[in-house]
Amino acid sequence: MNALTHFDAQGQAHMVDVAGKAATHRIGIAGGRIEMLPSTLAIIEAGTAKKGDVLGIARIAGIMAAKKTSELIPLCHPLALTRVAIDFETDQADETRASSIFCTATVETVGATGVEMEALTAVQVALLTIYDMCKAVDRGMVMTGIKLLEKHGGKSGSFVNGT
């Protein structure tokens, strides 16, 4: 197993020095789901939520979150992102599962460090925004399965999450 990189020899937290790393094209893709009542999903799909266009606003929130990640996660480097895409896929309930929306965030940069945290932050904030905009009709919504799906670029190469 690799050593933790955010601690020095004395065990103190520090921001990793990436000055000597090559700038490469980096991609981070994260995903996560919010489960809800079928009636809540119907409101979102019909565009009749009292607070407005739920998925449109959640998309903008996810993009903003990716750009602000270094302000939220203490040891993340501020990055010049070259692309942030937020996509949603709705899924109607059946006998085996709740209605839900799956969010995917794809973040890219050309730089010395990856964009996995930016993608994960984008997904979480997009899902939180859906919750915020719909909590008046469904306080039981559950965010689940938030994870890194893929990472490409840099010295460590590619990672594709098999779970």
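The backbone N, Cα and C atoms fix where each Cβ goes, and this holds for glycine too.
Here's what Swiss-Prot has on this protein:
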- D132: active site (ACT_SITE)
- L75, C76, H77, M117, E118: substrate binding site (BINDING)
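Considering other CB atoms within 10 Å as the measure, the emptiest surroundings among the binding-site residues L75, C76, M117 are those of L75. Compute the center of the Cβ atoms of L75, C76, H77, M117, E118, which mark the site for substrate; besides them, the chain residues with Cβ within 8 Å of that center are T69, S70, I73, L79, T113. For H77 (substrate binding site) paired with the residue listed as 'active site', the C-alpha to C-alpha distance reads 28 Å.
For the recorded site, M117 (substrate binding site), the DSSP three-state label reads helix. Look at H77 (substrate binding site): DSSP puts it in coil. Residue pair L75 (substrate binding site) / the residue listed as 'active site' shows a Cα separation of 27 Å. When Cβ atoms from all protein chains are considered, those within 10 Å of D132 (active site) total 14, not counting its own. Straight-line distance linking the Cα atoms of C76 (substrate binding site) and the residue listed as 'active site', rounded to a whole number, equals 26 Å. The Cβ of E118 (substrate binding site) has 26 other Cβ atoms within 10 Å, all protein chains considered.
For the pair E118 (substrate binding site) and D132 (active site), the Cα-Cα distance reads 21 Å.
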